[in-house]
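Engineer: Features from TrEMBL:
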SIGNAL    1-18  signal peptide
DOMAIN    24-125  domain 'Ig-like'
DOMAIN    132-230  domain 'Ig-like'
DOMAIN    239-323  domain 'Ig-like'
DOMAIN    338-432  domain 'Ig-like'
DOMAIN    440-533  domain 'Ig-like'
DOMAIN    539-626  domain 'Ig-like'
DOMAIN    638-738  domain 'Fibronectin type-III'
DOMAIN    746-925  domain 'MAM'
COMPBIAS  770-786  compositional bias 'Polar residues'
REGION    770-795  region 'Disordered'
Amino acid sequence: MELFWILLSCCVCSLSRGQGVYAPANAQIVHSGAACNVNDDNISERIYTIKEGYTLVLQCIVKGHPRPQVRWTKTAGSASDKFQETSIYNETLRIEGIQRVQGGRYYCKADNGVGVAAIKSIRVDVQYLDTPVLTVHQTISDVRGSYYQEKTVFLRCTVNSNPPARFIWKRGNILIEQSKDNGVDIYEPLYTQGETKVLKLKNLRPKDFADYTCQVSVRNVCNIEDKSVTFRLTNATTPPVIRLSVNDTVVVDPGQDVLLNCEIIAGFPAPTVTWSRYPGPLPLSAQVRGPMLFLRAVTPADAGFYNCSAVNNVGNPARKNVNLIVRTMTNLTFQITPDSNKDSETIQMGRDLKLSCHVDATPQDKVNYSWYKNSAPVFNSESLIILRSDPDMAPGTSSLEIIDMKFRDLATYSCMANFPGSRVPELRVDVNISQNGVSPPVLSVPPGGQVVSVQEGGNTELVCLVVDGKPRPPVLWSRAEKDLLMPGGRSVTETPDGRLRMRNVSRDMMGVYRCQTAPYNGLNIKRREAQVQLNVQYPPILDPVFQDLRSRNYQMVTLRCAVLRSNPPRLTDIRWFRNGEFIRIPMPDLKETPELQFKLEPRNNGSYECRVSNSIGMSTCTFNVSTKPYNAEFYFDTPNPVRIQKGNNYSYNLQWTQRDPEATDPIIGFWLIVRKNKQNVLLKQIDLRGKEPEKGVLMSHTISDLKIPLAYEVRLAPITTYCTGDYISRTIQYSEPYTYPRPSDHVCGFEDERICGFSQDRSDVFDWTRQNHLTQNPKRSANTGPETDRSGTKEGYYMYIEASRPRVQGDKARLLSPLFNVTSVRGPKGSGRVPYCVSFYYHMKGKHIGTLNVLLRVRSIASHTTVDSEVWTKSGHQGPDWKRALFDVSPSGPFQIVFEGIRGPSFEGDIAIDDVSITIGKCKQENTVASAVLIGGSHSLPLASWLNFGLSCILALLYR
């Protein structure tokens with residue numbers, strides 16, 4: 001997929017060089033990618049139309065200084081979800097493979113803290129066309145008593161698209177028109193998802209049994225081709241009916257194989273069967289064989305609802321569900337409940353006692369509990385009552401009640417849980433009931449354990465012991481503060497021995513922890529409870545961590561290091577250092593904010609540290625104190641401002657501001673160093689003394705005699721009477737100035753990657769290629785194509801077509817110029833058309849050269865169509881040199897110039913073009929090479945400056 005650049009024209013606040021504070025001006029959005037259309041709607045909003053799956057690139061250009069920070073946000077479109085969790089802070093927003101839900105209005109907001117933020121928006125319209133879905137529904141109803149029956153068939157065609165699709169119905173290859181066939185009715189139903197058209201066949205006739213095609217079209221917008229679907233209607237057409245080989249619920253043991261068969265018992269055409277699962281996808285081990293689903297050695301993770309769907313697009317899909325349950329059994333616990341009616345916490349003769357048993361199982365209601373006394377089975381009697389499901393306990397709990405306890409009831413009771421007939425192992429728990437074997441628990445925190453201190457990042461444990469009581473229950477830990485979770489992320493943590501172990505402790509773990517006896521695996525009585533305080537110790541937290549402080553010479557400087565928090569809060573030491581050496585000053589008051597005051601002189605510039613300690617550790621405030629001025633800040637704009645000079649030279653207007661120039665001694669000028677990029681070769685060292693900056697004022701200097709298209713590294717540093725500031729560096733490079741219009745001063749030499757706004761024609765066979773001598777393929781054909789660009793430099797670029805394989809004879813490549821709006825310029829008096837001069841250089845060397853055509857493509861505002869006419873052509877070998885072409889055109893409306901290269905009979909047929917210019921007025925026949933630079937005098941319109949002609953209006957005119 002080829003990407004081409006389209007530049008949105010919008011108002012940009014003009015800046016007077018060297019004066020004024022540069023708050024953000026109006027934002028400008030430049031976009032690139034495979035745009036289908038760019039226009040303005042009736043409220044003058046920019047609309048960018050793109051095909052789904054293409055790449056969207058939006059760039060926000062904002063003038064202002066200091067350099068603004070750009071933030072992208074989005075509001076939802078008609079079928080949109082959230083843009084993303086956070087905003088994008090970047091000048092360029094790039095979305096690979098844009099999807100329909102990403103359409104909507106995108107905003108770029110630029111703010112640099114000066115003045116009002118600049119905001120610009122663009123609406124992105126993502127266009128798509130899905131394959132339609134054709135379903136058939138039929139009804140049979142009695143008409144006129146019982147004389148005969150009428151069968152009516154509805155063919156429903158549904159599609160998702162943007163823009164709305166147009167529907168065409170066909171019977172065989174014949175278009176169905178409602179007005180010409182009384183047996184059909186075409187209409188759009190209400191309350192449907194997506195766009196839907198229904199073809200109703202009334203009282204079926206023999207000719208109605210045929211192939212029906214639903215064709216949908218969005219009229220080739222974004223080059224989206226039509227799509228269609230066909231259904232064969234016969235007298236045997238019926239909806240699907242299925243039957244499952246198993247019941248609605250299937251319960252199996254772990255490790256067991258499961259076969260689910262979804263049998264088709266009716267349906268024509270033959271239905272397609274699919275299996276799905278909820279929740280989650282089918283297991284990785286699942287094997288689908290036609291209508292059968294095979295699960296080998298199932299695990300508890302394979303449990304869920306399995307759905308079988310049969311679809312043949314007749315009627316509604318047939319669906320059946322199977323609930324697959326895999327048996328599991330874990331965590332068998334018991335509870336001992338003394339006589340709750342007597343509010344007892346101990347076992348007493350003559351009182352009631354209840355033993356409860358619970359296991360976590362799936363399915364819970366299928367668990368079977370068995371009770372044993374001294375290994376003998378227990379049966380219901382007057383003194384022993386078995387409850388299969390205890391209503392006072394959690395569901396799935398079995399209880400054994402001992403009524404009016406006697407000495408004979410003192411014994412070992414066992415609870416056994418299992419699944420009848422299952423291979424899942426049974427679980428068992430034993431409870432010894434004796435006068436000395438059961439007693440209430442006593443919970444205790446060891447001496448000194450009520451408060452536990454630990455350094456941040458260390459390990460510790462909180463202890464809460466059951467020192468008495470039989471049987472001893474586990475201890476449950478939780479946070480005393482409401483809504484706070486335990487370090488593992490749970491609300492409660494169980495510890496069998498009462499010791500809560502904690503690793504890598506952080507300050508957010510600090511607080512009160514509650515320990516409680518669990519109600520299970522022990523006496524089910526009022527919980528015993530205690531608390532432990534965790535104290536996390538850490539070194540002082542200071543502000544600022546780092547500060548860059550600039551000042552004038554011989555001024556008093558005060559450094560403050562504030563202690564925000566500290567645990568323990570008592571400080572033990574405060575020390576000041578300069579460049580790593582201790583500063584001997586009176587011991588500061590440890591209860592006050594650390595502060596250092598001194599007179600700044602050239603000898604005491606440097607790095608200052610304030611080291612603050614408590615008993616845990618030390619933290620540092622660092623200050624870089626200097627009389628050197630702050631760095632200058634380059635003014636970034638896009639593209640780089642350039643000016644073409646004579647020959648192959650260009651100049652660059654370097655712009656910058658000085659950050660806080662009044663903070664230090666007066667700045668008397670700047671040093672400017674220019675080097676060739678990626679080469680340690682000094683080109684220029686410029687003394688800019690006398691340029692005294694003001695806060696917020698833009699400064700500039702024109703760097704001349706730079707070579708096209710080379711890039712350079714520039715370094716800039718401010719100067720005071722006492723010293724030179726730090727250098728800042730940036731790279732400057734040649735850029736086609738089509739976004740910085742300057743009439744009549746430039747020819748498009750394709751030196752910039754954006755090739756002056758040219759684009760590749762997406763309807764041709766292959767593309768033109770941008771290249772120079774340095775990027776040529778070393779294995780290229782030696783007897784065709786140019787060695788250098790038209791000016792003779794190896795660094796200079798040109799556009800060419802490659803004739804080697806896989807190209808074949810007759811393949812075409814078209815390069816389109818930007819669109820020119822001729823309505824913005826009037827022709828000569830008495831003339832309705834404006835003449836234009838087209839000038840370019842071509843290179844056609846090789847024995848297999850094909851043809852180079854230049855076409856004039858004129859757009860009709862009324863019909864939105866384009867007409868191509870040939871205005872120049874050349875074929876065959878034209879010699880080893882670059883040659884110039886010069887001719888006039890007089891378009892009748894908005895136009896483009898199309899360079900069409902046609903491949904010849906073999907591989908030695910490369911064709912190249914360079915230095916293209918389109919200017920207002922008739923061509924002036926000049927003999928000098930230099931005349932190619934300026935054509936048309938003061939009225940010329942360089943192609944690189946096409947925005948001068950009001951192109952911001954032309955797209956609105958074309959699509960209004």
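A Cβ is built for glycine as well, from the same backbone N, Cα and C atoms used for every other residue.
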Engineer: Do you know the DSSP helix, strand and coil residue counts for the domain 'Ig-like' (132-230)?
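Structural biologist: Secondary-structure breakdown of the domain 'Ig-like' (132-230): 9 helix, 55 strand, 35 coil.
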Engineer: In the same chain, which residue numbers or ranges, 6 or more beyond the ends of the region 'Disordered' (770-795), come under 8 angstroms Cβ to Cβ?
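Structural biologist: Cβ under 8 Å, 6 or more out: 648, 707-710, 749-750, 753, 755, 803-804, 841, 843, 845-849, 882, 907-910, 912, 914-915.
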Engineer: For the domain 'Ig-like' (539-626), what are the DSSP-based totals of helix, strand and coil residues?
Structural biologist: 3 helix, 51 strand, 34 coil
Engineer: In the predicted model, what is the mean pLDDT computed over the domain 'Fibronectin type-III' (638-738)?
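Structural biologist: Within the domain 'Fibronectin type-III' (638-738), the model's average pLDDT equals 83.
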Engineer: According to DSSP, how is the domain 'Ig-like' (440-533) divided among helix, strand and coil residues?
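Structural biologist: With helix first, then strand, then coil, the domain 'Ig-like' (440-533) has 3 helix, 46 strand, 45 coil.
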Engineer: Counting by DSSP secondary structure, give me helix, strand and coil numbers for the compositional bias 'Polar residues' (770-786).
Structural biologist: 3 helix, 2 strand, 12 coil
